[in-house]
Amino acid sequence: MYTTLKIINKYFWKSLFGPGLIFLFGPLYLFIITSTWSLFGMIKSTAIIPSSMAMVITFLGMFCIPLTINTLRTSMVMKRLGSSKISPLTFLVCLIIYYWFFAIVCYVWMLGWGFLFYIDRIDEYLVIFNYMHPGDVLYSLCINYFLATTIGLVILVFTKRNYVIAVINCVVIIFSFALAGFAVPIPLIHISYKTDSGGWNCSPLTYIVYADPFWYSSSLSYESFFHVADDYFNLLGSSIFNPEVQLYGKTFAAQPTDGIVLGHADKYLNLILPIVIISSLMVVDIMTFKWNVR
């Protein structure tokens, strides 16, 4: 396993894609997207932070891992590994562990840059740390990472060409910019207000978002940053694992009443569907992964 990790590490730093995505693209995207929503002034720009961080982790799982496998398995090093005692499953486990470490690094790195981006309004940025639940943040990061990784590996099963993998992933993520809240704050795309007549006024995308698997990981990330609890840093006071606790928010900062961002049904779906999707795809990945490129 140590030898495999050394090979993966050597390729990671030799390629500009992985380090560039984590250390350059992540903070740059966070700066651009928060600055853009700050200009509108209709909703706090911090509302986009959790889902924008989830987007970078999605890139890591869908792009870096499949492209690393596709590049390495055509090399002489991988051919030697294929004839050695190292099994495909061992290689996959090493690769997933390696990039899981960098997923955590990416999260911390982007949060650190957030202090610089909000230096002129630091109080607005510090508010998210008052609501952030560390246990929920770690769980949402885990779901986000493994969901993106298993989907990326399934795409790798059907094509061995890097450019085809990149095109398919780009199409998926483009839809997720709107449906998963990667570029639009979640309260703007998924919220329900009770009307005077007793009905509900919903966002046009409220029901469409369920078709995007990354909606579940992104909304989990949002809840882990903005849930309401009596003791914010009590690991037992999780909001994600309590479906009876609804998440409220506003479409506009100046709106007098709160709407329901994540209701009871959303909470149950967020708990069940990501696990089902990840488990199903993981079985497919393990059964179909091969060393050869044919």
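Heads up, the Cβ atoms here are built off N, Cα and C, so glycines get one too.
Listed features, source TrEMBL:
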- 21-40: transmembrane segment (TRANSMEM)
- 46-69: transmembrane segment (TRANSMEM)
- 89-117: transmembrane segment (TRANSMEM)
- 137-158: transmembrane segment (TRANSMEM)
- 165-191: transmembrane segment (TRANSMEM)
- 268-289: transmembrane segment (TRANSMEM)
Inquiry  = Can you work out which residues elsewhere in the same chain, 6+ from the ends of the transmembrane segment (21-40), have a Cβ less than 8 Å from its Cβ atoms?
reply    = 46-49, 52-53, 55-56, 59-60, 63-64, 102, 105-106, 109-110, 113-114, 117-118, 183, 185
Ask   = For the transmembrane segment (165-191), what are the same-chain contacts with Cβ under 8 Å, counting residues 6+ beyond its ends?
value = 33, 37, 43, 47-48, 51-52, 54-55, 58-59, 62-63, 66-67, 70, 151-152, 155-156, 159, 202-203, 205-206, 208-209, 211-212, 214-215, 217-219, 222, 249-251, 259-262, 266
